[in-house]
Structure formats: C-alpha cells, structure tokens
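Participant: Annotations for this protein, taken from Swiss-Prot, read as follows:
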type    : residues                                         : note
BINDING : Gly29, Gly30, His31, Asp48, Tyr75, Asp96, Gln103 : S-adenosyl-L-methionine binding site
Amino acid sequence: MMLQRCLDLLAPALQEPGAVVVDCTLGLGGHSEALLERFPEARLVALDRDKEALRLSGERLAPYGGRATLVHAVYDELPDVLDRLGVPRVQGVLFDLGVSSMQLDEADRGFAYAQDAPLDMRMDQSTGMSAAEVLNTYPPGELVRILRAYGEEKQAKRIVSAVVREREKEPFTNSARLVELIRAALPQAAKRTGGNPAKRTFQALRIEVNGELSVLERAIPAAVESVAVGGRIAVLSYHSLEDRLVKQVFAAGAANTAPPGLPVVPEQYAPRLKLLTRGAELPTEEEIAENRRAAPARLRGAERIRESLG
C-alpha cells in the first residue's frame, strides 16, 4: 500500500553504501523485500512481534543473506534492538501500522469480522490477553471507554450493555456471536453508515489487546531519536488515532521552540525535523481499486535535520 511513495520518500537517505534501514512492521516481508531490492547497498533490520510472520518472511528474504536481520520485537523496543546489534544510528525507518494481510486472512486469528473465528486478535499469540478475555472480564465502564477512545464508536454504551448481558449467560469465544450482537444492538440509522457495524468495535478490541497506541506513542519518538541527521522516517497509518499521534510527534519535532522575541534562535530551540509530506498523503484511486484495504491509509514523512541537544 503506497509502497512506491514510501520508497521514494526514504530514497535520498539510503543511497550510501552501508546505510541501515529499519522496517518496524515486517509482516510478510513485502516492504522489506522492496527496500532490499531498491537499495542494493543498504542493510535491513526488520521487527515483528508475530513469530509466524518472522518465519514466513525469513524464507522470503533468505536470498538477501546477511543484508537482512530479522528480530522478534515490538517496535517500541527499537532502541534496545539497535543497541544489541551495535547500530548507533540508522538512515531510514519505515512503519506500516495496522494488521498485516496475513493476520486478516488467517481465520483462526480473529481479527476479521467477516468470518467466524476464535476471538483472539493478539499479534504475538505467545503473550497477553485475548480479545475474548477483554470482553468477558473488563468492567462495563472500561469497555465503554475502549470502544469510544479506540473505535470512536458513538454507540459504545448500547453495545457494552448487550455484551455484559450476554457474557453473563455464556462467555464470548467466537467472533460471529459478537458481530450478531452488535448488529442487533445498534439502531437502524447507525447501521447505514460506513461498512460493517462491527468494524469499530473490532478495531477498538485489537488496539486494546495489542496496546497499539501506547506502543506507538513510545515508538515514534524512539524512531526519530534513532535516525541520524539526514536520515528519514516514513509512517503509514490506517485510522485517525494513529495518524493524529504521528502528526503530533512530527509537528513537535519540526517546531521552533524558542521563546518569542529572541533576535537569534539558539540551536537547542531550532527544529529537529523537516516535514516531507504536506499533511498526510492519501492513496490514489488506482491503489484503492487494486487493494481496498489501502483506502484509509495516511502517509507522513520527516527528515532529521539536527541532533538533539541537552
């Protein structure tokens, strides 16, 4: 999704032999493969919390040998990963946020509301609470907060009332029952807007289960710090909460923070980042026609223009 634009955005920073680029969201390795192909002198470090994704992408990237280093890690662990690898600074960082197509297409992971599956939704299935556990154990007020904050679901109270009523009869295990419950709970008018009525609830549960926003909140500033001066970072996000967070970090880095009235701006107040996109760039109609999952994508890019001081 918008891969070509991401590569073009990172290109000026990845021409030098030995440049290091980080793919923070490896998935099935499509972006990593494209980075290795496009920048034959670059080395790749790629992260994923999903062990199955690492196995499959490892096979895909095997022809690139020692140029690719794959690491089982969450992307907010980037500073630790680079430290372990002895890489002080990198020249490029790419994030493609959201669920990989593999996770969406694998029925037994429970990410998709279009097919019945166990309510799991963990990107790393070896750790943490599943979506079913969240639904069955969280207090009603907490569930309402999650649906509102992470799903921007206006009918959160109505949905949670139905969930609490149903879970007392029998705990939730599968996605189809939840989808049906949401359909039944929503007023007719709410069902007419924006696709499957379960979409927002599933998004909210996925974000909660994987701690996505809190991880991202730590990951983007950490990625900015790991980029050398002249290095670049590109972020593809898929909903407004992610995009807003990326926008805030980039805008803060690109701001002049000097107190008003100074005749000369000392370096510690000067911007650390230069924005590379005007607002968020959207996918083209062709990209959406080719892959409908690209429709909500938003791309932002920034270049590191000075070191942090003090």
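Numbering starts at 1 and runs along the chain as displayed.
In case you wondered, yes, glycine gets a Cβ from its N, Cα and C as well.
Surface or core, plus neighbours and distances: that's what I need for these features.
Facilitator: Around the Cβ of Gly29 (S-adenosyl-L-methionine binding site), 26 further Cβ atoms fall within 10 Å across all displayed protein chains.
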Participant: Do any residues at least six apart in sequence from Tyr75 (S-adenosyl-L-methionine binding site), in the same chain, have a Cβ closer than 8 Å to its Cβ, and if so which, in order?
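Facilitator: Sequence-distant Cβ neighbours: Cys24, Thr25, Leu47, Phe95, Val215, Leu216, Ala219, Ala223.
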